């Protein structure tokens, strides 16, 4: 809290000229004042000479924002979004996509070396897929400014805690990104316009016969009938699903359409269930369920993970932190048996639902908090030939001691946090697993978020 107050109270400082040495893992330029004091510069790239304004200062370092670029790096590009620099949704739009990938690869390499003391035997080629309209899920903030009689919908400011005043988003699915201005107009006309806190937006694949977009409106007071009618009418006109959320997630309920399945869907076209050649897998999800936000990368990621894990028709495979079955079901098209374990019970239900819908009978799901002791669980006593791990940002540290008992000779680890992947990789090395391959996947283009994948193999006894 004190740091936030210091930032707010810092008086305007005269511009300083800085030369940027490199990037921090947060994507900020690193420079030094003439006296040697460290400066983190938002919006700067390595090799640039910039004018910057100091926005925060303490004894150890300063923080600054670029005012002007005197000498631009070769990797600097014009941001594709007019709101970049103000909106906090993206942080790297000023950097060429290839340079973003190189930056993320360096972050992963640094973390593996620093936290795990490791480097892979080989680096995997980066996994990429486009740079625009990739994001199919987001949580948009809503704020009505009474003094200005203005309503804003969007993400938080890059340099503050308020909402950025945006009218469109170039990284969101076009159906969503082009709806921000209409949503502003819609909510501004509600009786409860100053009591709508956020909008959860989700888009599925465009499949015949299904509403492929859903909006979840979080409201802080009961809505008048005319407000409900306005929200449902907005969605009905577009063929979208409309949900209301008056409290926690357990209060989410659909108000349009009144009938039919309350699901969205995405496809995994590279995998066919037995007896369904060429159909691929269709995955159902609720708009509040966790799914990977980048549909194109997700398809490629699942295929890459299975190619690296290389399950055989006689294998029993374990999928830890399995969610709704994003990897579990594709694994079931190749292996004899697959066990999926997930901490959220509703996701386990979704996994079974998806298995049934795709005609897969060789898969079972279990609800289990994997941060707690699970050694007495029935599935934990089975042997597994291969294991796939896809944990949350906190990683899978509690799982590592069990790997040797499971007996798997190959493990593929999908990570959304290179620091915890590196930490866990170090523990896996102690448990007898060698890091064979690793690489990055550009799940969140134009951000510093690093999605990565690593392959481990059981070390053979010497001699």
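Cβ coordinates come from backbone N, Cα and C, glycine included.
Going through 270, 272, 369, 373 against TrEMBL, the one listed in the S-adenosyl-L-methionine site together with 292, 321, 326, 342, 390 turns out to be 369. Each residue in the domain 'TRAM' (8-68) has a pLDDT score, and their mean in this model is 94.
Ranked by Cβ neighbours within 10 A across all protein chains shown, the binding-site residues 292, 326 are led by 326. By neighbour count, meaning other C-beta atoms within 10 Å, the densest spot among the binding-site residues 81, 169 is 169.
Residues 83, 84, 89, 93, 155, 166, 170, 171, 446 surround the recorded [4Fe-4S] cluster site, their Cβ atoms falling within 8 Å of the Cβ centroid of 81, 87, 90, 169, which are themselves excluded. In sequence order, 341, 342, 343, 370, 389, 390, 391, 392, 396 are the residues near residue 321 (S-adenosyl-L-methionine binding site), counting only same-chain partners six or more apart with C-beta under 8 A. Shown in sequence order, 343 are the residues of the chain, 6+ apart in sequence, with a C-beta less than 8 angstroms from the C-beta of residue 369 (S-adenosyl-L-methionine binding site). A distance of 23 Å separates the Cα atom of residue 416 (active site, nucleophile) from that of residue 169 ([4Fe-4S] cluster binding site).
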